[in-house]
Amino acid sequence: MSDTGRKIMRVLSGESLSPPPLWLMRQAGRYLPEYRETRAKAGSFLDLCYTPEHAVEVTLQPIRRYGFDAAILFSDILVIPDAMKRNVRFTEGHGPEMDPIDEAGIGSLNGEEVVDYLRPVLETVRRLREELPAETTLLGFCGAPWTVATYMIAGHGTPDQAPARLFAYKHARAFEHLLMLLADVSADYLVAQIDAGADAVQIFDSWAGVLGEKEFEAFAIRPVARMIASVKSRRPHARIIAFAKGAGYQLKTYRQKTGADAIGLDWSVPLAFAAELQKDGPVQGNLDPMRVVAGGRALEEGIDDILQHLGNGPLIFNLGHGITPQADPEHVRLLVDRVRGGA
């Protein structure tokens with residue numbers, strides 16, 4: 001099917017649709033009993049990511065259950081440092097961990113074999129495009145260089161990413177080298193996903209919000225702009241969503257300077273400001289995931305507010321970050337029905 005039949009691709013081209021198409025970040029996840037069952041079969045989390053049979057299954061589960069307008073490849077933003085031999089591991093109750101990198105380690109990093117290492121993920125993309133309904137958009141993704149770098153520097157997640165911020169101040173040249181290497185490798189990875197069958201891709205910058213104004217320009221905007229320019233120079237028709245969580249008022253500059261086709265919004269972005277951003281192009285978001293957990297009027301009012309402010313322009317309805325394990329699957333059903341006008 002051409003892009004004209006896939007609603008999300010139409011919005012990414014600037015079209016306004018009513019009702020808007022929707023998908024949810026982390027829609028394949030622990031809130032679904034069928035996901036938990038497949039996760040138990042797979043073994044480790046990375047085994048789940050790297051085994052196409054399992055990764056395809058968990059990607060398709062929310063499509064079967066809810067009929068979302070997009071399926072997003074089941075993987076993780078940290079597969080790139082894993083491919084760079086940083087010993088990435090996911091421990092229950094601790095989140096992702098890896099061997100922290102220092103200045104010397106950055107100098108010896110090699111990104112040449114990353115895409116080859118991630119062939120199982122690309123096989124998952126190929127199989128998904130074959131198995132998905134023709135009208136369903138297939139989204140690939142990767143992490144933004146800043147967010148991936150924060151984990152590589154600290155070796156784990158931290159509340160405000162202070163280790164990476166400090167490293168960037170003390171070792172500016174090495175840190176810039178790391179960001180640009182990640183930008184180039186990530187662009188190669190996105191091109192490979194597009195070639196394998198992804199209709200569009202999303203860049204996740206989950207920790208953009210901890211950066212000051214100058215650092216946001218240097219660490220969030222510049223590397224992502226480099227990525228997007230690289231992808232589009234090779235695949236001019238590629239559609240790219242960029243999600244810089246916590247970027248706030250800097251999102252207007254972020255859109256202009258990165259060249260993203262659509263901007264993802266977290267739930268803290270005021271809807272009046274979101275409507276201003278929408279005048280420059282498509283937006284995606286931005287329901288608070290806690291409203292999905294709460295259900296009832298909290299869920300209904302959150303949905304209605306977004307549709308009232310953004311529903312007449314190019315909008316992909318989504319959450320402002322990933323759905324949480326505490327979400328009731330029935331609340332997600334109510335969300336889908338209400339966005340589509342059935343509630």
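Cβ coordinates come from backbone N, Cα and C, glycine included.
The substrate binding site annotation in Swiss-Prot covers Arg26, Gln27, Ala28, Gly29, Arg30, Asp76, Tyr151, Ser206, His321. Same-chain residues at least 6 positions away in sequence with a Cβ under 8 Å from that of Tyr151 (substrate binding site) are, in sequence order, Leu78, Pro81, Pro96, Met98, Gly157.
Its Cβ taken as reference, Asp76 (site 'Transition state stabilizer') is surrounded by 18 other Cβ atoms within 10 Å in the chains shown. What Swiss-Prot records for Asp76 is site 'Transition state stabilizer', and it gives sequence analysis as the kind of evidence.
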Least Cβ-crowded entry, counting other Cβ within 10 Å, from the binding-site residues listed as Arg26, Arg30, His321: Arg30
Neighbouring C-beta atoms (10 Å sphere around the C-beta of Ala28 (substrate binding site)): 23
Cα-Cα distance linking Asp76 (site 'Transition state stabilizer') and Ala28 (substrate binding site), given in Å to the nearest integer: 12
Cα proximity to Asp76 (site 'Transition state stabilizer'), best match among binding-site residues Arg26, Arg30, His321: Arg26
DSSP-derived structure type at Asp76 (site 'Transition state stabilizer'), helix or strand or else coil: coil
